[in-house]
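Trainee: Summarising the annotation, Swiss-Prot assigns signal peptide to 1-28. The N-linked glycosylation site annotation in Swiss-Prot covers 237, 264, 378, and the record cites sequence analysis as its basis. Taken from Swiss-Prot, the feature site 'May be important for catalysis' covers 292.
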């Protein structure tokens with residue numbers, strides 16, 4: 001006999017199965033996270049982040065106006081009262097000039113987000129992280145809790161966060177936002193510290209409203225938290241925010257976060273680990289991590305006083321990228337635009353060099369996994385990755401005799417070896433002592449597809 005109740009039950013159950021399958025296909029299965037680290041740390045990292053491998057960091061704010069020393073200019077000048085910074089201000093600015101007086105000069109006059117996005121795409125970046133707010137407290141979007149200290153009210157009179165996000169997403173580049181939890185000189189933060197952190201005036205009226213606003217307004221794929229180190233996560237209400245982010249926010253299924261959410265959180269809690277600036281482990285970690293570094297070794301923000309001696313060589317960038325990916329990390333490379341929104345030519349040159357290398361060798365980078373052996377050193381340093389049953393061996397220096405020897409791969413009679421960017425198979429032999437000996441192509445100088453870090457692809461190896 002036909003039963004209406006049974007039929008509706010069957011339809012409802014089928015819809016639930018369909019929704020569950022859909023959620024799993026999109027990344028993460030439905031799960032409720034509680035505001036504590038054991039629960040939050042159990043959340044799987046969305047797959048896109050590990051597959052992306054290479055991102056770009058952009059430090060841009062009012063500190064781009066004095067553009068001297070580093071993006072910590074305000075703190076060094078009026079927090080530490082460094083003699084060098086005090087002297088710089090005395091020699092270049094009139095008496096009574098305040099840090100806030102720099103803001104109108106932060107014009108972003110030549111900021112063309114489409115051009116930036118084109119550059120980032122040409123660099124091979126799969127995600128971009130912009131400083132929405134650094135420790136100075138100036139927000140690069142029209143924050144309601146940062147009156148007259150944001151990019152809409154003063155300076156550019158533009159929503160910098162929104163404009164760049166729209167441009168990069170047109171190119172299928174993931175968009176992340178850096179946000180500093182603390183601010184050096186905010187009166188409410190100083191009051192909370194004076195009260196021994198027994199009050200949370202700053203958190204409730206500034207930090208948390210900003211974070212919720214950023215997520216709801218821009219729906220970032222990544223939140224790069226910083227400025228956490230002076231206070232425990234209980235002061236910042238970090239676990240409550242992350243539980244909301246993972247359970248209820250509009251980006252709950254795809255958002256990725258780092259580990260800077262309070263004292264003692266770094267390298268212990270959160271999504272992936274930064275551990276420290278320019279962190280570089282010596283062996284394969286058991287947790288997903290990211291190395292963040294800067295083209296200008298002495299600063300994250302733009303400096304008028306930078307010199308070529310502080311600019312990282314393109315070969316060094318590529319070597320760091322290769323090493324980082326082989327050890328299971330992501331590589332986040334920083335540049336600092338100037339106050340007018342110009343990415344200076346030397347920074348563009350470095351980014352385009354990375355992009356050129358990735359056009360040839362990206363197969364060994366994007367969506368790869370660490371191999372059972374991460375590196376070896378014989379005639380040259382070799383770093384390994386693997387993907388789709390192939391093994392990739394990237395060697396950093398061309399051997400003088402034109403022969404690369406690999407100790408780790410176990411060859412079979414069906415093994416084939418090619419070089420990315422070159423046609424044809426390479427000749428190889430197996431030696432019981434030296435391992436696999438691979439004869440490299442003999443071509444005139446300047447005719448190789450890349451000038452450093454060449455990648456061998458090995459198929460059908462044990």
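Yeah, the Cβs are placed from backbone N, Cα and C, and that goes for glycine too.
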Trainee: Distance between residue 264 (N-linked glycosylation site) and residue 292 (site 'May be important for catalysis') at the Cα atoms, whole Å?
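Mentor: The Cα atom of residue 264 (N-linked glycosylation site) is 19 Å away from the Cα atom of residue 292 (site 'May be important for catalysis').
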Trainee: If you count Cβ atoms within 10 Å of the Cβ of residue 292 (site 'May be important for catalysis'), leaving out that atom itself, what do you get?
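Mentor: A 10 Å sphere around the Cβ of residue 292 (site 'May be important for catalysis') contains 21 other Cβ atoms.
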Trainee: Compute the C-alpha separation of residue 292 (site 'May be important for catalysis') from residue 378 (N-linked glycosylation site), stating it in Å without decimals.
Mentor: 29
Trainee: To the nearest whole angstrom, what is the C-alpha distance linking residue 237 (N-linked glycosylation site) and residue 378 (N-linked glycosylation site)?
Mentor: 50
Trainee: For a quick check of understanding: among the glycosylation sites 237, 264, 378, which residue's Cβ has the most other Cβ atoms within 10 Å?
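Mentor: When each Cβ's neighbours within 10 Å are tallied, 237 leads.
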